[in-house]
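Step one of this worksheet: look at the structure below.
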Amino acid sequence: MIHRRRPAFASYSHLSSLRFEIALDETRAETEAIVIFLYNHSGKANLFSVHLVSCSFASYSFVSSQIWISILQLTHPPYLMEIKASAQHVEDDVKMPPDMDRVIQDAQIATEKEHKMGLWQGLKLYPKAVGWSILISASIIMEGYDVVLMGSFYGYPAFNRKYGKLQSDGNYGLTAAWQAGLSNAMNCGQILGLFLNGIVSEKFGYRRTMMGSLVATTAFIFILFFASNVQTLLVGEILMGIPLGVYQTLSVTYASEVCPVALRAYLTTYVNLCWVIGQLIASGILKGLSERTDEWAYRIPFALQWVWPVPIFIGVVLAPESPWWLVRKGRTEDAVNALLRLTSKGDADFSAHETIAMMVHTNEMEKEITTGTSYWDCFRGHDLRRTEISCLIWAAQNLCGSGLMAYSTVFYQRAGLPVSQSFNMSLAQYAIGFVGTVLSWVLMGYFGRRTLYINGLATLCTLLLIVGFISVAPESSATSWATGSMLLVYTFFYDISVGPVCYSLVSEIPTTRLRIKTVVIARNLYNCFSIVNGVIIPYMLNVDAWNWRGKAGFFWGGLALVCCVWAFFRVPEPRGRTYAEMDALFEQKVPARKFASAKVNLFHEELGAHVEEKSS
């Protein structure tokens, strides 16, 4: 069992050699007034050292401030009025700390309720939180939509005539360099947007940052829609990536902070479903416009992006701020009001003040174990391990061969499937991803995040090796059909495990004070690998380059195996854990494989800790 000592809030020290230790309880203002009195009226003030310890729960012996007042009343009656005046001044200037005994009691009650809360009870108590989270996560649909868009335009004659050049074969098209530039431009913009988001959202809040990003998205769509040359299109893609980078982190972070433990996995993995929905919508629109030969073949898909920002903006204006962000800013009353807007009325067992007390308690614990809230702090102390896990969990999405999924239609075309039918196969692929993500919600409830993630990587490794062995046979229509079909199966298992579970893990691993910045760093590592994939995968599959074709499965299968082994030793199980419990487990350096079995007592008064396996 892990015993977590109670945090010692607000300790003050100073003045010099003789030391007075005065407990600050309900009479903090009077106590500080006594210190001022002692300092001002001592002929040898430099000999005094007054150590004020506020709400300290370790076993020390203190002299009550009331005793000091009694002593002064007997020995220096004239100074009592001065002390009273000083006390009033201190009350006006110093923010009174909360009654931490009460906070800890309420936090313990709220933690126990979180553990007992089931899925259905969570849905009944937090229906509005579910709704707001779904609304804000809808911003990810725009990203999934845009990712499919640009890659598909390279096959549109009207797009190539507008932005390409006449090729040696007599057709218009973009050069390989411009295709690589446009494909990676959005990733570059997202990297910038992600880093900015880590600073801006923590300063101004999630809602304001999201609203600003939606306004920017609306403006940048104009650049894409009216782009007169490929250079302008490149600038538009880079700028468009900036707000999309904000959506990537805010959506999953907001979802993880507005819902209880029972709903956390479902709302965070819903982000992956939004990705799939965006890709599905884009594929359907592109299929419907594939027969057009005029400029509207590519302008209409650009223009349809204006459908999303306005309704989402209205929703964000009405949505409550994250209670966790408000607690970090010291706005506990606002946090209570925000929580009440996220929950339903009429549940006699629910107390908003108890839940906020749990957040305050967690925040104070993290202040002790986290040195700050900058990007650099993500790489210090216990947070280094959490940053490493978050980063590689997301990077594994690119390292396990997911980039090959976009090329399943290429293998079908090599098998003789008409180009028009390849769009149908793309629609089928994204539909499979949709079903897989929904099924992942069921499996997570039974097996947890860690088990599903590791077994998913093992399955993907096996499928990629099968693709590689298929390519060993002489190339034929049958081998192309088999390879394309295996990639469809790969899509299903990816979206039932690694794809959605990643979002849940990445949002649960970091501390609440560093969550947004840790998610930013992790997503940027993902984007860097996306850029690498966008460059090397075409070389692997192109007959004029490396011409690996299906043999690329051996390469990606090997990387998937490495990711699987790493995940076995490093990825913990956060199912059923509050954020404070996750903090305690990481602080005590509990091995990842023992997270699920370790008992945690956050409210034990004694110092020290040890791990005890749950009895079977």
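Placed from the backbone N, Cα and C atoms, the Cβ positions cover glycine too.
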For the annotation transmembrane segment in TrEMBL, which listed range does it cover: 174-195, 306-327?
306-327
Tell me which of 254-277, 518-541 corresponds to the transmembrane segment entry in TrEMBL.
518-541
Among 129-156, 209-227, 306-327, 389-407, 518-541, stretch most in contact with the transmembrane segment (553-569) (C-beta, under 8 angstroms):
389-407
